[in-house]
Structure formats: C-alpha cells, structure tokens
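Okay, so here's the structure we're looking at.
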Amino acid sequence: MMDPSGPAGPSSAEGGGGGAPAAAAPPPRPAQLSRYESQKRRDWNTFLQYLRNHRPPLTLARCSGAHVIEFLRYLDQFGKTKVHAPGCAYFGQPAPPGPCPCPLRQAWGSLDALIGRLRAAYEESGGTPESNPFAARAVRIYLREVRDSQAKARGIPYEKKKRKRAQQASGGGQQASSSAVAADATAEGGDGSRRRAVVAPSAAAQAGVGGSGTAPSAS
C-alpha cells in the first residue's frame, strides 16, 4: 500500500499547479473610418442605388457625365437651401425678411464636395481617371452654372477661396520684405537700435495684412 505521506504522484502535481485556461484575446477591432471616408462610402452606395433604380436600367460602366448631372438634379428634391427665382421679391437678398414660395435646392458647395468624393470613390473602386464620369467636362460646367445662378439668387458671391489665396500671397510678400530689411540692417554694422527701428514698420505692415477681413462664407 502507498504511504499517504509520501511524495505526490504526477496527477497530484498537475492538479495543484494547474488552473483555468487563459481566456482567448478578443479579435482586434477594425480601424474606425474617418468622417470623410464614412461620408464617401455613403455617397457611393447612394449613387449605386440610384443606378439600380434607374429606368431604363443603367450600369456603372455605361454611366456618363450626363447621367451624373441627372443624379445631381435628382438630389435637389432633398435640398435645404432656398434659391430665389428671378421674379421673387427677395431675389439677390442674402437675408430675406420673410418666407417665399421659391423651391429648396442642394447648395452648390454641397454638390461640389459630393462630386469630389464620388470622383475619388470611382477610382478607388477600379475605375480609371480617363473614364471617370464625375470628372467629365459637362459636370464641371454644370457645377459652375449652379454656383453662378445661386450666387445671384441668394446674393452671396462665392469668392472666399480667391480672396484667401490673395491674402496669403500678400502676407508672403510682406514677410519676404521684412527678412530683406533685417538682413540689410545686420550687414551695415549690426546696430541693434537701428535694426529695431527698420524692422518695426515691416512688422506693423504684417499685422495690418493679417488683420484684414475675410469674405463671408456661403451657407
């Protein structure tokens, strides 16, 4: 008979040191899409659904710039931007004092951003830049016409980007002028008081440029 006070057998050793098996690590969570990527995916799915419901049936391979323009006009029924008709009393007023029966449309800025996302999604889905219907010249012309007509109807010129670029160019010129003046002052003898007197007007000019107003953004 085995002595109970003797050394433990193999089964006893395993039972004493073992425990519950470690839980399996959870699978890694997929990377969260950015807001832009999520919106691009939704826009692409919306366009594909539009093609499926199109009459007569339309495939992506046969889609042209004319079909893209047709899609943009279809989206106008879901727009939230009031676009005054030429005969409306509020035509050209950015802040009309009262309601009017003019229709709601998709804002030009929304359509322009939408086309940019769809153009990228098309090529990411295997399309070539040469066959991209969202980059067609007819689509660019249509967007330009929408921009100009809405600018007149709403009294809001779309010149923000142009003015911003002009301000940046002006600011760059002022900075270059300031650097040149500072270099001249140093080369002439390093007089600290003189350098400060020469550079200060340029700094003031920079402050004047930076403080200039910007064009109101279109809603």
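Glycine too: its Cβ is placed from the backbone N, Cα and C atoms.
According to TrEMBL, the feature compositional bias 'Low complexity' maps to 1-13 (among others).
The region 'Disordered' feature in TrEMBL is assigned to 1-38 (among others).
The domain 'ALOG' feature in TrEMBL is assigned to 35-162. When the domain 'ALOG' (35-162) is classified with DSSP, helix, strand and coil residues number 80 helix, 4 strand, 44 coil.
The region 'Disordered' annotation in TrEMBL covers 152-219 (among others).
Annotation comment: TrEMBL describes 175-188 (among others) as compositional bias 'Low complexity'.
Residues or ranges marked as compositional bias 'Low complexity' by TrEMBL: 198-207 (among others).
Summarising model confidence by region, the domain 'ALOG' (35-162) averages a pLDDT of 94.
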